[in-house]
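Visitor: My structure is below; once you've seen it, I'll send some questions.
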């Protein structure tokens with residue numbers, strides 16, 4: 001093989017934004033085709049129209065706000081709790097021996113079955129937040145604990161040799177050392193908190209987009225249903241993508 | 001008049017062996033190093049040389065005996081003691097400059113001094129031009145220079161090195177060994193250097209201690225009467241050979257004893 005051919009092979013000019021844009025066009029085209037074949041599926045144009053008119057409605061905006069607030073609170077609580085429990089699980093051998101089977105087991109449970117139990121305790125607005133926390137908690141907890149266990153042992157020796165206090169060890173060594181698994185956990189928690197909240201809203205809530213989707217389905221108002229689904233998918237998709245890019249940029 | 005650098009008095013370290021009998025890693029070691037001297041410890045693997053170093057560093061409590069540095073007892077890690085580890089201890093999220101400043105930052109050195117001293121140490125270990133590089137962009141030998149610069153920047157009076165070149169290839173070891181000697185002749189810390197490499201020990205130090213297999217005792221102390229400005233070519237001189245033969249004759253039996261003990265245990 002000549003040097004020139006190596007050179008040309010090494011430079012496949014792929015334009016990533018253009019590729020993504022083409023993929024998006026393809027998805028819209030397939031959607032439009034599906035809409036022609038089935039009367040249940042509204043066209044992309046009808047769906048976007050329904051979404052725009054929905055946002056003109058104060059009642060709809062109230063549903064959006066209710067879901068957004070619940071997801072945000074659930075994500076923050078899951079993050080805080082997940083980091084604290086993950087630290088305990090990663091740092092203490094005894095905590096790990098006692099609680100690891102519990103964590104692994106409970107992570108495998110379909111948490112939504114607990115919703116009827118949560119309702120009388122946390123009421124309608126509180127229960128879906130708790131559900132979001134239950135969904136979002138585990139990826140952070142598990143990633144933080146695993147990240148700490150994978151830390152090179154010499155970091156601890158280094159910390160001790162310079163007499164670092166626990167706050168310095170936490171902020172100067174542990175958090176930067178586990179930054180990648182931590183960010184993976186944050187990304188997964190962001191999407192799973194939303195899953196927990198919206199899932200709970202499907203079953204029972206006063207305000208929330210899960211309920212809006214279900215009501216539109218019941219009324220046979222498919223453009224409205226599809227518009228809300230599109231909103232949920234787009235927001236979750238973009239948030240996950242941005243968090244993923246941040247994760248990859250992290251050294 | 002020489003001042004005391006490191007004084008080791010009647011030091012013993014035992015490990016609780018779990019179900020088995022306790023293991024005596026270090027037994028009744030009493031040695032002194034005058035300030036500004038360079039001493040190496042050689043011994044078979046598993047002889048407790050790293051344990052001895054950890055105790056001198058204050059990272060581990062002895063079962064009996066005591067350590068004094070510059071005439072004051074060691075009760076735990078303190079800023080008089082600088083450690084260089086065998087493993088790569090650079091932090092991958094920090095640049096060379098930030099890695100070198102890390103110890104000073106933890107110890108609370110003023111920001112302005114941190115920058116100035118970090119640059120001085122980077123120049124000293126020969127990493128000019130790599131100030132903004134991350135460890136992933138540096139070779140193993142360069143990372144070990146970063147770790148050395150970080151330790152020197154803490155301005156310890158005693159430098160403890162635990163097989164610092166063990167993870168490096170032969171050529172890098174020789175070059176970095178010469179660098180450490182050059183730096184030591186400039187900074188004049190009291191150095192205790194652990195290695196399992198005989199010629200490295202002779203090449204680097206003014207005195208070599210030979211340690212026995214478990215329980216670890218110092219069974220021979222050899223003064224190295226080679227010129228202070230020696231370089232790697234000294235290995236072909238008769239004086240070097242004589243030293244190497246003397247140390248090896250002692251070490252050979254211990255290495256064999258260790259080898260037999262470890263093979264029967266496994």
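The backbone N, Cα and C atoms fix where each Cβ goes, and this holds for glycine too.
Pulled from TrEMBL, these are the listed features:
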DOMAIN    A:64-243  domain 'ABC transmembrane type-1'
TRANSMEM  A:21-41  transmembrane segment
TRANSMEM  A:68-90  transmembrane segment
TRANSMEM  A:102-123  transmembrane segment
TRANSMEM  A:129-148  transmembrane segment
TRANSMEM  A:188-205  transmembrane segment
TRANSMEM  A:225-244  transmembrane segment
Visitor: The transmembrane segment (A:68-90): which same-chain residues, six or more beyond its ends, come within Cβ distance under 8 Å?
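Guide: Sequence-remote neighbours of the transmembrane segment (A:68-90) are 96, 99-100, 103, 125, 128-133, 135-149, 170, 174, 182, 185-186, 189-190, 193-194, 196-197, 208.
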Visitor: Could you give the residue numbers and ranges of same-chain residues that sit at least 6 residues beyond the transmembrane segment (A:102-123) on either side and whose C-beta is under 8 angstroms from one of its C-beta atoms?
Guide: 89, 129-131, 134-135, 138, 141-142, 196, 199-200, 203-204
Visitor: Under an 8 Å Cβ to Cβ limit, what residues of the same chain, 6 or more beyond the ends of the transmembrane segment (A:188-205), are close to it?
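Guide: Cβ under 8 Å, 6 or more out: 66-67, 70-71, 74-75, 78-79, 82, 111-112, 115, 119, 124-125, 127-129, 131-140, 143, 211, 213-214, 232, 236, 239-240, 243.
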